[in-house]
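Listed in TrEMBL for this protein:
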DOMAIN    222-357  domain 'GGDEF'
TRANSMEM  6-21  transmembrane segment
TRANSMEM  42-63  transmembrane segment
TRANSMEM  69-90  transmembrane segment
TRANSMEM  102-124  transmembrane segment
TRANSMEM  130-150  transmembrane segment
TRANSMEM  162-179  transmembrane segment
Amino acid sequence: MFFDGIIINISIMLTGFYFISKLTTSPLDACLSLSKKIQIGLCNGLLCFVLMKFAIPTIHYTFIDLRHIPLVIIACYVGPLPTLITALIISVSRLAISFNDTAVLISMIYGLLGTTLALCSHYVQRSLLYRAILFSMISLVFICSGSFLITQDINKIMKFSVMMTFSSFLGIQFSLMLLKDIKQQKLEMITYQGQAQRDFLTGLLNRRVFDQAMQGVSQSKRGTALLLMDIDHFKHVNDNYGHDAGDKVLKDMARILDSYTASGQKFFRIGGEEFAAILTDFSIPLAQKIAEEIRQKIERNVFNLPNGQQINITISIGISSSEQRYDNNRLSLFQRADLALYQAKSNGRNQTRYMTDTIALTLIPN
């Protein structure tokens, strides 16, 4: 009966931890938002209540459960706030189940245990395993001390302590194994999602992310500027120096663009030698200033090729802004920037051009 109860308690607990981990796409840690910590604390408290309802019968009408393990685990992983919330729920729910002197004593013990673990969670900054062992030992000391206050039968207390220690060891071990696997899966998913958004060569955001961002821009009322950039005579680099040299130029180009990354700026590689920048909350003059700075920096930069040679390249940039829209928005932000880039290329390259609907409509057939 005892081992059946252990299996049931551990199964309930692992199921609870699985669903708690679903509350956030990030791994359980102290960096979670306040709202997430509160949600985790409430759900963890509910898990403890369920474990209380499935208490394990032992000897001499004594019952044990594993409600302290979620308290230990959440203190190890997430921190003081959800630990205190969990402890409060344990204390209140124990009184709700049966209100008597024993229930009051147990509620006080778990209240003190939760406070102690919350403090330890804040001040003990060691490895997860160290914290798990330490917090488990603290919990067992509190629980076994409470059993001594309830009954002074040393023989019963010793047997109770052995069973509680054994069940705690199993519960903690299986919980850590599960949460370790869940954390690993989440980290891998975050890595894969990041890789799916990045250009494999330059590390800049890729075309798919650019298209999604442009959809958001079209629905936004915030002023947004778009820069379309194209390396001048890039085919000449590939034909004369090889594709390895071309790749090196693209990587160095991305590095230069990255140096301009700030709040409201996103850079993308959207084609072979084509790049783009979305500047959110940028005025037209500021967007033109940034574009010209980028053009000049690329022009002055010396590109070191894999074979040891050094070359210079130039870029052409087309600019458009959502601040100026005419003719019932006939032309999209991208179309205007593309026409501006075409004009920069046609007028000799190595220059920036700003395009509004008024100018652009004169360049395309009706």
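Backbone N, Cα and C atoms are what each Cβ position is placed from, and that goes for glycine too.
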Taken over the domain 'GGDEF' (222-357), the model's mean pLDDT: 88
Recorded stretch, among 102-124, 130-150, 162-179, maximising Cβ pairs under 8 Å relative to the transmembrane segment (69-90): 102-124
Outside the transmembrane segment (162-179), six or more residues from its ends: residues with CB under 8 Å to it: 2, 6, 9-10, 13-14, 17-18, 21, 28, 56, 58, 64, 66, 68-69, 72-73, 77, 128-129, 132, 136, 139-140, 143-144
For the domain 'GGDEF' (222-357), residues assigned helix / strand / coil by DSSP: 59 helix, 34 strand, 43 coil
